[in-house]
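Participant: Handing you this structure, nothing more for now.
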Amino acid sequence: MKSSKSDLFIYKTWFKLLVLYFVMFVLSATVPIAASFPGLGFPCYYNALVNYSAINLTERNVAKHLTPTLYLEEPEMFAYMTFTFLVDCFAAVYYFLGALAIMLAKRHFVVSLTTLSQWIAMVGTPTLILIGMWRMWTIQLFIQTLSYKHIYLSAFVYLIHFLLSFLHTQCYISRNSQLWSLKVLEQGIPPNTLLDTVVFTIKPLLANCQLFCLGLEMLVFSLSFMMAIGNSFYVLVSDIVFGAINLYLALVLFWVLLTELYLVKYMTFVMGFYLGGLIGCIFLLVPLWRYEQIFVAANLRSPILINILVIFFLCTLSALVRLLRMTWFSPTKPSYEPIQLKNIKHRRVKLQSPSGPSILEEGSSDEGSEDSEEEEEL
């Protein structure tokens with residue numbers, strides 16, 4: 001069956017957006033690599049924002065220069081950028097396989113005028129691809145602003161990047177659709193095909209990778225936002241450190257509640273975020289161990305450690321709750337038994353219309369042959 005003109009228009013537009021998506025992916029992979037080498041247009045190494053060995057938790061910020069606060073250092077920032085690149089690379093491979101799967105399925109499995117648009121909705125809508133392109137563009141701007149040491153502009157850019165990542169992950173899992181409509185769309189996926197593998201196997205894996213990356217992005221956003229706040233107001237550096245950790249705790253708690261109350265309806269296995277939260281806690285513990293003397297001298301090592309451990313235990317407990325709900329408390333699927341077919345014989349019954357000739361209507365009888373013979377005699 002041929003697709004409708006609107007379906008073909010969506011199909012062609014989707015492919016053009018994918019081409020732009022792949023171009024943006026190449027650029028987002030090139031910028032961090034180019035920014036790591038001197039002489040390529042970037043004035044400073046973006047991973048080393050400030051000298052954190054000079055951090056003083058008991059002083060207030062000083063105007064006209066950058067006051068060091070808690071932030072990711074070179075190894076942690078490099079690890080975060082590497083994780084982001086790997087997830088974006090996985091997403092690019094996913095969309096490539098999704099496009100290939102739709103091209104192959106288009107030859108034999110188009111059964112309605114809107115089949116192509118339904119498949120595209122299951123793989124990734126044009127809006128979702130556009131949000132993914134904006135994500136990769138903002139991470140490039142973030143690296144460029146960091147290389148110029150513009151902490152305020154970098155915090156603003158990363159705020160946009162974080163909001164786009166939040167929206168992208170939520171839309172990727174739920175697709176902003178009713179659950180029953182997604183069940184209908186899933187029935188339109190041809191079984192035992194590449195499209196079936198992409199939608200039901202590769203897509204959940206990519207969703208968990210994006211959740212893992214979102215857990216790290218919450219940490220980077222908290223540190224960037226509070227560093228900009230700390231260098232804008234006359235406050236103690238220790239207050240900025242506590243503010244960043246507590247903001248990260250609030251974001252993690254919010255996403256845990258959103259997951260258990262809403263997202264699990266669409267995808268039950270969402271363990272990637274909790275793993276990202278645990279890695280984020282390790283990123284916070286590294287400077288606490290690296291500059292232990294500074295934190296001990298300010299009598300802040302124990303309070304900061306307790307706050308970080310609260311996030312660690314929250315992620316661990318949430319992961320255990322999710323596993324328990326998946327295994328023990330998940331509703332069992334109803335069991336169906338095939339209905340035994342009986343001998344059904346159709347009979348024609350005359351119905352007299354009050355304002356016209358008699359109407360013939362088909363009836364059904366599942367009784368034995370004796371009843372049918374009696375009806376024929378009558």
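Heads up, the Cβ atoms here are built off N, Cα and C, so glycines get one too.
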Participant: Are Lys5 and Ser117 on one side of the membrane according to Swiss-Prot?
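Facilitator: According to Swiss-Prot, which assigns topological domains, Lys5 and Ser117 fall on the same side of the membrane.
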Participant: Check the transmembrane segment (269-289) against the transmembrane segment (211-231) for contact, please; criterion is three or more CB pairs under 8 Å, pairs 6 or more apart in sequence.
Facilitator: yes
Participant: Can you work out which residues elsewhere in the same chain, 6+ from the ends of the topological domain 'Intravirion' (261-268), have a Cβ less than 8 Å from its Cβ atoms?
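Facilitator: Residues 170, 173-175, 179, 182, 204, 207, 322, 325-326, 330.
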Participant: The topological domain 'Virion surface' (232-239): mean pLDDT?
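Facilitator: Taking every residue of the topological domain 'Virion surface' (232-239) together, the mean pLDDT is 80.
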Participant: Tally Cβ pairs under 8 Å between the transmembrane segment (85-105) and each listed stretch (17-37, 151-171, 211-231, 240-260), then give the stretch with the top tally.
Facilitator: 17-37
Participant: Cβ under 8 Å to the topological domain 'Virion surface' (140-150), counting only same-chain residues 6 or more beyond its ends: which ones?
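Facilitator: For the topological domain 'Virion surface' (140-150), the sequence-distant neighbours (Cβ-Cβ under 8 Å, at least 6 residues beyond its ends) are 27-28, 31-32, 35, 42-46, 49, 66, 81, 157-158, 161.
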Participant: Same chain only, please: residues at least 6 beyond the ends of the transmembrane segment (17-37) with a C-beta under 8 Å from a C-beta of the stretch. Say none if there are none.
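Facilitator: Cβ under 8 Å, 6 or more out: 45-47, 81, 85, 88-89, 91-92, 95-96, 99, 126, 129-130, 132-133, 136-137, 139-140, 143-144, 147.
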